[in-house]
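Okay, so here's the structure we're looking at.
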Amino acid sequence: MAPNIRKSHPLLKMINNSLIDLPAPSNISAWWNFGSLLAVCLATQILTGLLLAMHYTADTSLAFWSVAHTCRNVQYGWLIRNLHANGASFFFICIFLHIGRGLYYGSYLYKETWNTGVILLLTLMATAFVGYVLPWGQMSFWGATVITNLFSAIPYIGQTLVEWAWGGFSVDNPTLTRFFALHFLLPFVIAGITIIHLTFLHESGSNNPLGISSNSDKIPFHPYYSLKDILGLALMFIPFLALALFSPNFLGDPENFTPANPLVTPPHIKPEWYFLFAYAILRSIPNKLGGVLALAASVLILLLIPFLHKSKQRTMTFRPLSQILFWLLVANLLVLTWIGSQPVEHPFIIIGQVASFSYFNILLILFPMAGALENKMLNY
């Protein structure tokens, strides 16, 4: 019998083992769709970004107008830009849901997979931040100024670090040029780390909603999950295209339609919606270094999650106390997102401080306590 090229060819064999004959648990739910959706988001962003880069000029006097030119004069330039801008939002929606799934079902116990995932999140956040600066509107400029300035809170080397990042004494042409270079480079770095992420995942195989071994009941990825992923893809693309075509500026800031002006500060400087939760945590501490540390901790805390798992059960499927805490955490993050978009005044300040405290309290103290308590409850 002739050998099957899918299983014998050195390259096709790798694809086959990752996407076709991959043994997958028979009971994984739609929450397991988001990995493939993230891959599609990345591919879409790289493609639309490449097309935009062909028409973009990384110069402070031309950047804003090159983006306007793309939207007005390039064939379907408006569409490419809208897909790219809103694609970033959907990328973050998918990654937040993907992380939420990992938290709920204890997927973080695959430590290498989880840690590479956190690195992917950080790289994605860096990519989105430098990308937001490129249109060189008011919010682009002031966002870049405010966020890069946070590094000056680092003792001793802070100011030097900021001026080194800026390439001068303020956000100017060198800053824009290097941000464009970084924004072009980082998505390919993300693609590389994604392969490492998958390599670690395929060492152990996927987790499942019951949190028990699924070795006794595996099914091939294709056609079962390839088809299921295509359904998820269609369900994501419908709202994505609706947003990009009907209200492309819904998630953007009107301030960014004004070209960058270092002499005029916008009344409310705020990042894109997907950074608002971290921005709210940053602002809730009335001290520069303290705020920066809290900001870093808000994301890096994910690296501690595997060590804070005290339950004898892996998933939250049969753990009502942890479930309540999980949904409290979700609600808390929504409150933080809302607070991040509000001005720094009463009552938003105190709400933000309470929500920031709750965020760390739930993750660091209440989750491990609930896990230990549920273990005790199993004995009765």
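The backbone N, Cα and C atoms fix where each Cβ goes, glycine too.
Fair warning: this is a prediction, and the values are worked out from it, not measured in the lab.
What Swiss-Prot records for this protein:
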TRANSMEM  34-54  transmembrane segment
TRANSMEM  78-99  transmembrane segment
BINDING   His84, His183  heme b b562 binding site
BINDING   His98, His197  heme b b566 binding site
TRANSMEM  114-134  transmembrane segment
TRANSMEM  179-199  transmembrane segment
BINDING   His202  ubiquinone binding site
TRANSMEM  227-247  transmembrane segment
TRANSMEM  289-309  transmembrane segment
TRANSMEM  321-341  transmembrane segment
TRANSMEM  348-368  transmembrane segment
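Note on the transmembrane segment (34-54): residues 70, 80-81, 83-84, 87-88, 90-91, 94-95, 97-98, 101, 183-184, 187-188, 190-191, 194, 229, 232-233, 236 of its chain, located 6 or more positions outside it, place their CB under 8 angstroms from a CB of the stretch. Closest in space to His98 (heme b b566 binding site), of the binding-site residues given as His84, His183, His202, is His202, taking the CA atom of each residue. Minimal Cβ crowding within 10 Å, among the binding-site residues His84, His98, His183, His197, His202, is found at His202. Sequence-remote contacts of a segment are chain residues at least 6 beyond its ends whose Cβ falls under 8 Å from one of its Cβ atoms, and for the transmembrane segment (78-99) they are 31, 34-35, 37-38, 41-42, 44-45, 48-49, 51-52, 67, 70-72, 117, 120-121, 124, 128, 131, 236, 240, 243-245, 248, 251-252, 272-274, 302.
With respect to Cβ pairs under 8 Å, the transmembrane segment (289-309) is most closely packed against 114-134, considering the stretches 114-134, 179-199, 227-247. His183 (heme b b562 binding site) sits 21 Å from His197 (heme b b566 binding site), taking the C-alpha atoms as the reference points. Sequence-distant contacts of the transmembrane segment (114-134) (same chain, at least 6 residues past either end, Cβ-Cβ under 8 Å): 56, 58, 63, 67, 88, 91-92, 95, 98-99, 102, 107-108, 140-141, 143-144, 147, 175-176, 179-180, 182-183, 186-187, 189-190, 193-194, 196-197, 200, 271-272, 274-275, 299-300, 302-303, 305-306. Residues 100, 103-104, 270-271, 273, 275-281, 283, 311, 348, 351-352, 355-356, 358-359, 362-363, 366-367, 370-371, 373-374 of the same chain sit 6 or more residues outside the transmembrane segment (321-341) yet have a Cβ under 8 Å from a Cβ within it. Note: the CA-CA distance between His84 (heme b b562 binding site) and His197 (heme b b566 binding site) rounds to 24 Å.
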